[in-house]
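As annotated by TrEMBL, compositional bias 'Basic and acidic residues' applies to 754-766, 1194-1213. As annotated by TrEMBL, domain 'Ig-like' applies to 30-124, 134-221, 235-323, 328-461, 466-554, 559-648. What TrEMBL records for 655-753, 758-851, 853-958, 961-1056 is domain 'Fibronectin type-III'. What TrEMBL lists as region 'Disordered' is 737-767, 1194-1244, 1263-1294. What TrEMBL records for 1-19 is signal peptide. What TrEMBL records for 1162-1184 is transmembrane segment.
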């Protein structure tokens, strides 16, 4: 019974109906389950097997027809009938060519039982023998060079597609190209023949896949007569030969169009579609553009297709007019169903095709007569008589008799059903009214046109069963608000039961327009609301009974995405983040997942490509493969919502995939056409293509740009240079930059030619007084136009009309000897190669070698602009005395000393170079009140000429700021000010100006008075306010006025308050201790004492006395302490203790030890002392010896007391000076720690090695420069001024 249900009810109930109690006597109509294909081609030695299998209950019987006539396989010799159940298949063995011919034709299988007859489609059996090429005499084909020729093939016909190959006797394929082509018909076409085509073994080979056989045509002898001149002619089509043709293309099948042309030069083929755009996604061009293949033809492909054959002399064309037709195909196929008594049956059979198919109906294999209504036939003797006639035929043919309880039995051949009102055909549909169980049958709908046949079997099974609901009772359904709920109520019965839905009060629910029923009993509720939760009742009833079930509905909150991902455009290699947030029904489990282009995304193990967490999706290292649609999917078991965002990955374009060179005949004009396939733009339009080339012979692996073309262009004609081995590549460029270059093209070589350019930058200059060196910029190799290039150099004196001297050289220079000094010459340089000379070169003027200038500029005078700037003027030098090109003037100047005292030492020189057309220079940054020496020299390319000299002095200026200003508290109303004079006097000091004003009370009254004594170094201020803070300003003065001020702020002792020390600390070594403190800002200086006092029994040695210290000193070091001893430190002001602290020294304390050996004896100590003294004397002698020779001697004391105003000067400019005229040589600030030595003590100048260039400040400090300094100089201090030295050259021009 389960088997019966599987075949009978799937379309009605949509699921297996294993719970219904069906009477066991229920039967199955026959159903064809397997059959042979519509077309069957057999070859000799193949077994012929025709298959027909069907299911049904009771067991089906099979019958065959052959070409419309009964065919009984069991009675045929050599035919074996299969004995398997449900099978009517048979096999024909012992096949040969005659045997197969006897059985070929059209077969059809009928499968019948008591409920009706199913029918197979027509099976066409075709027998094909072994292929043979008809015998023929093949004559040689003679043709003149340049003419066209067709070598025919004409293979034997075959029911199966065959393959054609043209080969020679060595089984090598004939090479095909734009000139030589094999057509779809197998013929070999030559657009024009060459002498290289002259062969006697052109063989056409036909491959028959069905018989697995290859046969050969007789070889064709092609004889080509050579000619001295091949006649050019315009194209002519060899296939098709007429101007137009009409073709029929089948929908869904490929369409192949072909055009083959002859002519010289060889024509090219183009395809056009005047009736509309060419469907580029389905069109391919093959066989060097001679074949157009259009895939999956549709109705829109109707129209004209035109091929155009072109060469330089003209064109020819052919028009294909294509009509698209279609074999029949289903729009609606009739379906098998179960029906109850009294129902109306409608079987739809809707088909389409071009031309429109003819539709016919059969019942149990018998054609329906006409298209009007057909009756059951009892009154007219229709179906019953047909059944009886069929039974009689069976008896006559000796078949077993089968009782017929049903209305229809197996059909008789060529029998038609009579017309009646019970059955009618309306618009292709078969309609039966008021069916009863006796109307069970199998129907056939068959549609055919000239391109094919469609057949469908569909049974009508009329049964009577009580109503039953298949859906379980008390089922609970859950759905979310706003969605549609579907409450199932699948009912079964015959007649088909009516289904209605009721609420708990027994009223129909269909009064609400949101409730709608389905034909299968399902109740749909759209736009669900929370109050739709409740119980719903389904009632199914037919004429035998009625049944009811209850369905429970629960409405939940809908899932909503509150923040979805946003579309993004990101660059390749970057990362993107998508965010998603959603709300859910709290009673439901939920999840958020991510999808990319419809596929679930997951984190990939150790890879960090995708990171998914907390509703975020992060994609790292973006590539172009990552672009697409990304979705956030939030869902529960009831609903799923999705929010989508698009990701575009942008970047530089992809590589150009393919290059093609064409129009090779243009190479004679140094041109070629380059075409390429468009590059992938990676979502940013291609702006341009960069075309580059490489010459692997002259400059391998170096690419040069030939230019750029717009991004919408994919071909260009290139202008090339002669004799270059061109290999091209193309790079696409968009706004993100250039992409990867294309693969390199084939290499083409342009012919040689004479040079088109001459060298540039031709110059003639001498490097000696009696020669001229002619130089030029050599031609780049791509301008040689030949394998080698040389240069023809011509010269003659300017102004003479004499003959040119010339010389051909390979190097880019030529030395002309034995010339006069600085004479102009006319020069020409011309490129030459094996093909000729370059264009006539222009004349360039050059000069022979220069000599040093022989005259000095005459100084006009010096104008003082201010105390630090002067203007120098001179007269131009006579050009005849320059002996070359005047390049300019070199102005050298240096400081010789103050007007108060001259320097006796060499100083650095300042330099200034002015152009040749200038006759003046401004010297700035000079020191006021000083003497300077000036030299001016003309120079040319050879060097400097003699100098003009002059001495000048600068006037006084204002002095610099005083070097130091200290405030010392005297009382609550007075302060003592100490200062040092300025380093730069810039004249004669006349005194000082002291100004001050209070700060704290906002007063701005400035108190100022002169101190006329220039030697004054301190001044006491009284009557100051004890509680105010003051700003003090001190300026030095000359007769030019006051100079820069030094500023200090502070107050009296009362303002300073308690003399406390902030941030004071002490540290100790073995025999010393350092006390440090930070002077507080604004507190005036004062003196105090520091006393170290040893504590306890540990104190040893001499008693330490208090030491005087200044507050601004900030630290003090106490020496001569005992090791490992505690000290108390007292800071005292007179008798007042300011601060107290303790410290302990390091090391080991003195311990009294008993006498131990002779080492304590006096004689031993004396011996050791003598040895140490002797060693010291030897070291001194060695040092004196080392200091002799190569050292300079220090002059007498009066030489060392040099002019205090000697200063270093920077090269090229006069800059910062250090001027302190008041300090004596060797003076310095006193050291608080006593560890700073005066320079003259033991730091001898001899330590610096050989030659000396010494300078001193006005205060006596050494600031000189040395040659051969020792490494100790690198430590800094007063020993180095940073002036020129072997490791710090100054580059002085003297």
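Numbering starts at 1 and runs along the chain as it is shown here.
Placement of Cβ uses the backbone N, Cα and C atoms for every residue, glycine included.
Unlike curated entries, TrEMBL annotations are predicted automatically.
Beyond its flanks by at least six residues, the region 'Disordered' (737-767) meets 652-661, 664, 667-668, 670, 672, 674, 676, 679, 682, 690, 692, 694, 696, 703, 720-731, 773-779, 783-787, 789, 791, 795, 812, 816, 819, 822, 825, 827-839, 841, 844-850, 941 of its own chain at Cβ-Cβ distances under 8 Å. Residue counts for the compositional bias 'Basic and acidic residues' (754-766) under DSSP (helix as H, G, I; strand as E, B; rest coil) come to 0 helix, 6 strand, 7 coil.
DSSP assignment over the domain 'Fibronectin type-III' (655-753) gives 6 helix, 50 strand, 43 coil. Across the domain 'Fibronectin type-III' (961-1056), DSSP classifies residues as 4 helix, 52 strand, 40 coil.
Secondary structure counts, DSSP: the domain 'Ig-like' (134-221) has 3 helix, 35 strand, 50 coil.
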